[in-house]
Amino acid sequence: MAKHYDVVIIGAGPGGYTAAMKAAEFGLKAVVIEAKKFGGTCVNRGCIPTKALLHASNMFHMMQNCDEFGVSTDFISFDFGKMQKYKKAAVKRYRQGIESQFDKLDVDVVYGTALLRRDKTVEVNLSGGGKEYFQGEAVIIATGAVPIMNHIPGADLPGVWNSDRLLAAESWNFDRLVIMGGGVIAVEFATIFNNLCSHVTIVEKGRHLMAPMDDVVGERLEEELKRKGISVYCNSTVTEITQENGSLCCTVTPNEEGESITVRGAQVLMAIGRKPDLSGLLGEDMSLEMENGRLKVSKEFETSEPGVYAIGDVAAKTLLAHVAAAQGTYVVERIAGKTHSVKLEVVPGGMYVPLPIVPNCIYTNPEIATVGITAETARASGLKVRCGHFSMRDNGKSIITGEEHGFIRLVFEAYSNTIIGAQMMCPRATDMIGEIATAIANGLTAEQMSFAMRAQPTYNEGIGAAIWDAMSGDVE
Ligand code: FAD
């Protein structure tokens, strides 16, 4: 006999747990089913552990380079075991924070693997043994995504890992690392290993790193990584991995003309993308339409089965924790018949181009953050733009902290002067992008943004300077 709920949620990552919190807020009877650990990829093997290791490795890197600030350190070393302990403690504290919020909510949490059957019935193989059945007025699939493995020869050799396995490993080999892929996960791991003095090589199939972002960001990031001693081969593919004298030898083949070369690594990280986690989710009496390898959903995130929704990495094109959370909120608001409190894009008055208001952040050194659209995308959509540029070389705080490599670029629609996008590569870009996301979400103009005072000395002053540059600049 199935237990009846208003909402049955499969997966307790940011999408699932946010949906459950919203359901409780609206007085809906909800259950969340989780196969592994509460918090999903983000908390356990994604955002939080990587940022903890980035922070720890950045500290080591800074200590090694603090002579110019008059700080001498005779002997600096790192203890990776302790870094791992700190990472685990950060993950645990964060996860427990979310779990304790749940303790106060009227939401049931069930540990086990869910199988979706017809009539919005979910069969759960409980982690502790046995089966239970749940039926929902609505079902939300929030099962996330898993790393894609490229089955080239040698892909199964020991030492060829994906991000899940690397983050789960107790010890890392800091000799040499080869990374297949040049997206966000790749460049963040490259930064951690580089900070800890490992030689890193990135092999990216596309013309630039960070392919979905604009070319300027990709090119500048490539320059920065190379300046730090990271080898980058774009427009190239790892076609084979062999093992020789204890090393992994990667054959790097240029996509167009040119000779293949061999790059050696003690470890190889495959960071070539992620695919929806649908393994074993659908019972034999249930099928859902797919589109481009993901679950097909409507604008309201409803799958081809009425009343069954899919949110987050399992269905989204943008695989980010805050996107999954926003979609979770959106869907539960729809189920509860409430007005939507979240927007994923806006169309400013007088404009016909939808602007994504999702901040994209990369925690490299310097950080990268973008929101809205680039000048190139705007022009391709028929808009005229006015751009504001600022080089962090001229920013007081950057001079003080010695972090002068970077820029801020703001994009305004030329006639209304409304902000439509920003690309930043500078210290604290991932925090500063929030100001621009707020401005875009509220359709602010350059003049309105310039009313705000920005403290001296802060990195934020760069935003003020870029606004002034745009206001005094020509239409492009
Ligand atoms: P997930 O977080 O993947 O959660 C899905 C949950 O469903 C999992 O817990 C899984 O165990 C469970 N599940 C799966 N199948 C079943 C089943 N059949 N029954 C029951 N439970 C099931 N995003 C950011 O925004 N910022 C970052 O800095 C960032 N860094 C990242 C770094 C790495 C290395 C990785 C891999 C990802 C990173 N991401 C980051 C992406 C982010 O983690 C995901 O976008 C986010 O976790 C997606 O949330 P979700 O709820 O859709 O799925």
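In case you wondered, yes, glycine gets a Cβ from its N, Cα and C as well.
Reduced to three states, the DSSP call for ASP313 (FAD binding site) is helix. For ASP313 (FAD binding site), the count of additional Cβ atoms within 10 Å of its Cβ stands at 30 [all protein chains shown]. Taken from TrEMBL, the feature FAD binding site applies to LYS51, ASP313.
In sequence order, ILE202, LEU209, MET210, LEU221, LEU225, ILE362, THR364 make up the list of same-chain residues 6 or more apart from VAL187 (NAD(+) binding site) whose Cβ falls under 8 Å from its Cβ. In the three-state DSSP scheme, VAL187 (NAD(+) binding site) falls into the helix class. What TrEMBL records for GLY181, GLY182, GLY183, VAL184, ILE185, ALA186, VAL187, GLU188, GLU204, GLY273 is NAD(+) binding site.
DSSP classifies CYS42 (disulfide bond) as helix under the three-state reduction. Positions annotated as disulfide bond by TrEMBL: CYS42-CYS47.
According to TrEMBL, the feature domain 'FAD/NAD(P)-binding' maps to 5-328.
Mean model confidence of the domain 'Pyridine nucleotide-disulphide oxidoreductase dimerisation' (358-465) amounts to 95 (pLDDT, 0 to 100 scale). The domain 'Pyridine nucleotide-disulphide oxidoreductase dimerisation' annotation in TrEMBL covers 358-465.
Cβ contacts within 10 Å of CYS47 (disulfide bond), excluding its own Cβ and spanning all protein chains shown: 22. Neighbours of LYS51 (FAD binding site), defined as other CB atoms within 10 A of its CB across all chains, total 16. Here the Cβ of ILE185 (NAD(+) binding site) has 24 other Cβ atoms within 10 Å, regardless of which shown protein chain they belong to. Most other Cβ atoms within 10 A: among the binding-site residues GLY181, GLY183, that distinction falls to GLY181. Residue counts for the domain 'Pyridine nucleotide-disulphide oxidoreductase dimerisation' (358-465) under DSSP (helix as H, G, I; strand as E, B; rest coil) come to 38 helix, 33 strand, 37 coil. Long-range neighbours of CYS42 (disulfide bond) (same chain, six or more residues apart, CB within less than 8 Å of its CB): GLY13, PRO14, ILE48, ALA321, ALA324.
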